[in-house]
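Heads up: the structure comes next, in structure tokens.
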Amino acid sequence: MGERTWPQLLAALLRGDELSTADTAWAMGEIMSGSAGSAQIAGFAIALRAKGETPAEVSGLVEAMLQHAVRVELPEDLRATAVDVVGTGGDLAHTVNISTMASLVVAGAGVRVVKHGNRAASSSCGTADVLEFLGLPLDLGPEGVAACVAEAGIGFCFAARFHPGMRHAGPVRRELGVPTAFNFLGPLTNPARPRAGAVGCFDARMAPVMAAVFAARGDSTLVLRGEDGLDEFTTAAPTRVWAAQNGTVREALLDAADLGVPRATLADLRGGDVACNADAVRRLLAGETGPIRDAVLVNAAAALATQAPLDGDLTEALRTGLSRAAESIDSGAAARTLNRWIEVAHAVRPVLG
């Protein structure tokens, strides 16, 4: 395709043609820069969704989004070993903040975490909401986040702060009211670019697409989708896992019950408003046992497993991760991580922003 125009791209999508990575990168660049009109954004998002996004198309969206992001610069050795524990959201299950709690557990186990998230969209309480309620400032800039990762072992990139260009798509997304490619970009566009992670996806078709994008850029990532629709490693049903590592993707169906984790129900994992979900975080870190702890442990185990080769027995890798995750909570390390994180964040905020 020569000089790109919206009519050309939209006509191609309506014919069912696949776009190139360069095509979708151009479109996303137009959106992020504020050059695209609302009709163009809506038409593009819906036409791409109706055709079905390919890994190459999603890669273009991700590439442009990261180019427009406020980047968090981490030392390469730290970035190479850091993880993200994150989900797409959108499963409409209204659970507690499992990935947020798992992030604290992973950091308590000694693995650096750079979490990327936002306020609630389809749920009652998003990552940003619960972290803010617990006392973490959300407005830290890239230097502040990097300092938290270095000194506390965990940092948080508030999506609204680090992807300002996405504000141009926000009104259209809200008016459309249906999932589009935009709903799956968050876990793929962490501005610190950690090389590993456990990523939940509620959409069965998009989960392998996301895994292919992670694989293509050389990341070590487990993409997770519960057979009950959760964008987590669920304890209420088996979980389909796409293991992306060394440029390849391997799919498996795993069950937390095979790890000795008791079967839960979705009701066991349900949260509420921000005060309710923050209380669940505190109770977990204080050592409370039960279905919420079980779900957090298995998701933390998934993130910890990405630090090792994923071409072997995934169940055994998760079993090892479970033990490390439990020790993180039971030793008090996860609780100390949260306290230290809040302390560092408030200390660096006036200096680094």
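Glycine is no exception: its Cβ is also placed from the backbone N, Cα and C atoms.
Predicted, not measured: the structure shown is a model, and the values here were computed from it.
Features reported for this protein in Swiss-Prot:
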BINDING   G87, N118  anthranilate 1 binding site
BINDING   G87, 90-91, T95, 97-100, 115-123, T127  5-phospho-alpha-D-ribose 1-diphosphate binding site
BINDING   S99, E232  Mg(2+) 1 binding site
BINDING   R173  anthranilate 2 binding site
BINDING   D231, E232  Mg(2+) 2 binding site
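Here the features listed in Swiss-Prot are painted onto the structure.
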residue: G87; record: anthranilate 1 binding site; contacts (Cβ under 8 Å, 6+ apart): I98, S99, P187, V199, G200, C201, F202, D231, E232
residue: T95; record: 5-phospho-alpha-D-ribose 1-diphosphate binding site; contacts (Cβ under 8 Å, 6+ apart): S123, L230, E232, L266, L269, R270, G271, A295
residue: H116; record: 5-phospho-alpha-D-ribose 1-diphosphate binding site; contacts (Cβ under 8 Å, 6+ apart): D84, V86, F156, C157, A159, F162, G186, P187, T189, N190, P191, A192
residue: N118; record: anthranilate 1 binding site; contacts (Cβ under 8 Å, 6+ apart): G126, T127, A128, F158, A159, A160, G186
residue: R119; record: 5-phospho-alpha-D-ribose 1-diphosphate binding site; contacts (Cβ under 8 Å, 6+ apart): G126, A128, D129, A160
residue: S122; record: 5-phospho-alpha-D-ribose 1-diphosphate binding site; contacts (Cβ under 8 Å, 6+ apart): G89, G90, L92
residue: R173; record: anthranilate 2 binding site; contacts (Cβ under 8 Å, 6+ apart): A45, T180, F182
Tell me whether G87 (anthranilate 1 binding site) sits in a helix, a strand or coil according to DSSP. strand
Quick one: give me the count of other CB atoms within 10 A of the CB of S99 (5-phospho-alpha-D-ribose 1-diphosphate binding site). 29
Which of the three DSSP states, helix, strand or coil, fits S99 (5-phospho-alpha-D-ribose 1-diphosphate binding site)? helix
Determine the minimum-neighbour residue: among D231, E232, listed as binding-site residues, which Cβ has the fewest other Cβ atoms within 10 angstroms? D231
